[in-house]
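Participant: Sharing a structure below in structure tokens format, with a few things to ask.
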Amino acid sequence: MLGIENSVDRRMRPRPNTRVNLESLMSNESSRTSSSRSSSPSNRSPSPVQSEYIPPEAVKEESTVKVCLRLRPNLKNNPVRLAFRIQDNTLLARGSDDNSTERQYTFSDIFNDSVSQAQVYESCIRPSISNITGDRGATFLTYGTSGSGKTYTLLGTNNSPGIVPRAIEQVFVENSNLISPQPNLKIDKTTIQTLDDESVRDEINKVQAMKRILQNRDNSHVRMKSIIQKEHAFHPKEDPDLRVFIWVSFVEIYNENVYDLLAHDSIFGKRKPMKILSNEGNAYIKDLSCVYAGSSEDAYNILQFGIQSATYGSTDVNSNSSRSHSIFSMTVVSFSVVDQQINYSVYKFCDLAGSERLKKTGTVGDRLKEAQKINTSLLVLGRCLETVYKNQKSKKLAEIVPVRDSKLTMLIQSALLGKEKFTMIVNLYPTEEYYDENLNVLNFSSIAKQIVLQKKMTQKHHRSTRFSFFLAQATSSPSARIDGNRLMMEVERLKQELEHEATVYREQLNEKELENQFLRQELLRQELQLRNELTDDFESYCVQREATFQTRLKQAQEAAALPYKSQIATLNTKVEKLRETIMDMEYEEEEYEKKLAAYQEELRKYRDKERRFRRLSL
């Protein structure tokens, strides 16, 4: 018994409203070519999406979602275990049980394991991005089980580039003569914003900073560019009237949180969840980093910078499994110089994380939590596709598409609602080992294959009212025509009177303007005269005040010095007495010095006598 696939809600799958004659259905089976799924005569579980939903002639291939199937090579080289085989654009699936029902799934294109990346791109991607001025954009989505080759299809390798590098080369080569070297126009919150010179320098510095931070830079871009150009031969467009600005963003949805992979903090692990907002029904991410790419090399470096910040993990099925949904977006803004019109197209490349069965992947702990979030978001995606398909089939009141139940569906809601081109590349690992998982993936894609795209995004309907009905009757009568002529003549007369009155008012306005100008000049003259008078009066007042202050200052100085004059005289008398004393003392000092000299002379004579006396005594 098959397990319940987390990405498809079987309880909400549309069912036929009428009974179906299985015998007539079987007899007419060979005449059907666009059936999304049928089964052999058996009373086992019926197909979730039967061919009776949409007649083959009612829906054209170009009006539905483009769903392509790509088979991964069987690495085990065991053809006996292959559970799928291709017949034109139909995939036939049969289980290992001999009594099992053979199931059929029809796709827009089926690529076997020998089809190259270039063939996949030419068939699925290139036609959708050939016209940058006429389309709103497109969403390209890779879906499949874990390890089925989704990331390889999207990114590829250096020697076998995926659809994203090829799309980058197509956009830049075809618009090489039109791309502006300066990022003057930018999309901000789904509106066009003109950047000033400082903002332009900041945007250019962002790319240069990413190149400096980017690790393991090599010449892989040059080699990839050469390979892509040889395989596709893109040609530049010639349109001197057009200027093109290309902006790139890269996000991932990990555990139902949106993270910006181009933020400088993301490469160091300091990431903050971002909010998804809406402007007139268009979803956008608040404060998302949108980097200007002036060349394909810049765009490729930006892509590699974001890949370094993406979340990967190891499971039993895939040693390098994507643990998040990633969305790489290219916004192409075109500006017509002659018409002064601005258009923009947004191309989203979505790499969905693989739907997983926990028993085979062996996930535990954080890996288990990641798998649960992945399967939940894929479940919501399946519900959205089913609701859109059901609304297109039913004539009753349309159900609300639950795009807000998941961050993934919120970001790609324009594609889910049929407002832009939608291409899904389903990746399959065609072995019996993953038969159940692949069957659920095919059930999922069979719904998307039948969704019809809207040719007109908005359509205004004429609203009839009672007033418009009576107005139509009144204007159709003969008397209404006569009254209409009279009204036209009256309107012409009133126009002439209005023109005359307007001329008179213009002349009066000119006179008032001249009078107003004269009065303004007179007011300026009077104001200048008044200012000069005030200045002169204030200057004379200042001179008078200064003289008064000088007089008062002199009087204050004299009054302050009066008490000290007697003290100064007394001190002067004392000074004179001290001087006389000093002079007397100096005179006495001279007398004393003379006496001292006389005493010293007498002492000398006495010593001489004493020495002579000693000699005589000896």
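Even glycines carry a Cβ here, placed using N, Cα and C.
Nobody curates TrEMBL annotations by hand; they come from automatic prediction.
Straight from TrEMBL, here's the annotation block:
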- 1-57: region 'Disordered' (REGION)
- 27-48: compositional bias 'Low complexity' (COMPBIAS)
- 64-451: domain 'Kinesin motor' (DOMAIN)
- Gly144, Thr145, Ser146, Gly147, Ser148, Gly149, Lys150, Thr151: ATP binding site (BINDING)
- 488-531: coiled coil (COILED)
- 568-616: coiled coil (COILED)
Participant: Taking a Cβ cut-off under 8 Å, which residues six or more beyond the ends of the coiled coil (488-531) line up next to it in the same chain?
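Facilitator: Contacts of the coiled coil (488-531) (Cβ under 8 Å, skipping residues fewer than 6 from its ends): none.
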Participant: How many neighbouring Cβ atoms, not counting its own, are there within 10 Å of the Cβ of Lys150 (ATP binding site)?
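Facilitator: I get 26 for this one.
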Participant: Which has the fewest other Cβ atoms within 10 Å: Gly144, Gly147, Gly149, the binding-site residues listed?
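Facilitator: So among Gly144, Gly147, Gly149, the binding-site residues given, the one with the fewest Cβ atoms within 10 Å is Gly149.
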Participant: CB neighbours of Ser148 (ATP binding site) within 10 A?
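Facilitator: The answer is 27 other Cβ atoms.
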